């Protein structure tokens, strides 16, 4: 069986991606006229009022059909001829002085899964040639707001700007072997970074030191970019879902004691593919009684939900199951009172688990194709980023959590109808837990699933690493 590194020595499968997108276009928009797919890379841009370049992030639609991370590049896929052409920036003598020689066409041919590499100055001439070859009957597919003013589609019968984006988004949901290898690599690097962050917490005095340890480890192992801004939240900060300050002291100024625990939601990006991992660990080597109790519930939520995963499973059913496990656990602790079914019907668990169970993962952290319904009136499903059945080959996060956020819980406790279901006396002991979320990245297979995340999560492992 080929290893991850063996797979990644090959070329990114841009040509097969182009064919897949073309098939989706033809399936939904007819097999009639010949067509071309036209995509542009992200442009080089300067920071406003500055001569420094903005941090570069390649357009994901362009990358999916090229595997190319060069800015100011272009791509044309002639669907009928099955010819994929990449256009890269030509040599600029003045730029060479500052940045060195750019990638040559010959070098690009060796790197990328394309049929031809030309200079970016040849884009319009190539479009005219293709349009002429098809006698003016060809259709050009491009993405609105991602076409330069200088692009010329002369000789084409029509330019469609509203269908290509949707086709690529749909194609990206199902990953091939190469993409799974990239996601696995990103996860492996991030697992090392999570362990490094836990170890750094032993001597750290501020959240930013732990964030620094995570990022440094990612860079050292080849993941120079982060999938998203890391979340490093100590104590009650963990109750904020997308906490981003990462600058709080690990010692409580009132008690002069180290805070209970830290939630880290962070993932490195490897060759444009993301990881998204969340772990919670104790400061000082041992979870408090209350944090351990909540951790056990959340871990049970995650393990049971992962066990349900296989091709064609209904994601809403998995999400609902997570809520039922949460209700059962919070009932056992005395935080909730009532019957499991009544608490579920009243959506009381949403006060503690307000977000969706997970989202697709790929080149974007919240990857394409999830079809969310943020207008859903049902609070349990409103923020569920994926709706429907999970296809074989998709990769999804499973990230249940329980949070103690007054802003969310107080409206429930103060409600004449819902307040009776929450025991505020017992609840008082759990506010300083903040939040517990455990997140892994799961590859959906025909008969089951594969967990791409190797970072430790058992209570004993987390305490041992933090000791």
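Including glycine, each Cβ sits where the backbone N, Cα and C put it.
Keep in mind it's a predicted model, so treat the numbers as computed, not measured.
DSSP assigns residue 439 (Mn(2+) 2 binding site) to a strand in the three-state reduction. Per Swiss-Prot, Mn(2+) 2 binding site is recorded for 265, 276, 439.
Sequence-distant contacts (6 or more apart, same chain, Cβ under 8 Å) of residue 399 (Mn(2+) 1 binding site) comprise 276, 278, 302, 357, 358, 437, 438, 439, 440. Residue 399 (Mn(2+) 1 binding site) falls within neither a helix nor a strand when secondary structure is assigned with DSSP, and so counts as coil. The Mn(2+) 1 binding site annotation in Swiss-Prot covers 276, 399, 439, and the record cites similarity to another entry as its basis.
Each of 266, 267, 277, 278, 397, 399, 437 belongs to the same chain as 265, 276, 439, is absent from that list, and has a C-beta within 8 angstroms of the C-beta centroid marking the Mn(2+) 2 site. Fewest Cβ neighbours within 10 Å among the binding-site residues 276, 439: this applies to 439. In three-state terms derived from DSSP, residue 265 (Mn(2+) 2 binding site) belongs to an extended strand segment. The record gives 276, 399, 439 for Mn(2+) 1. Within 8 Å of the mean position of their Cβ atoms, the other Cβ atoms in that chain belong to 265, 277, 278, 358, 397, 398, 437, 438, 440, 441. When Cβ atoms from all protein chains are considered, those within 10 Å of residue 265 (Mn(2+) 2 binding site) total 24, not counting its own.
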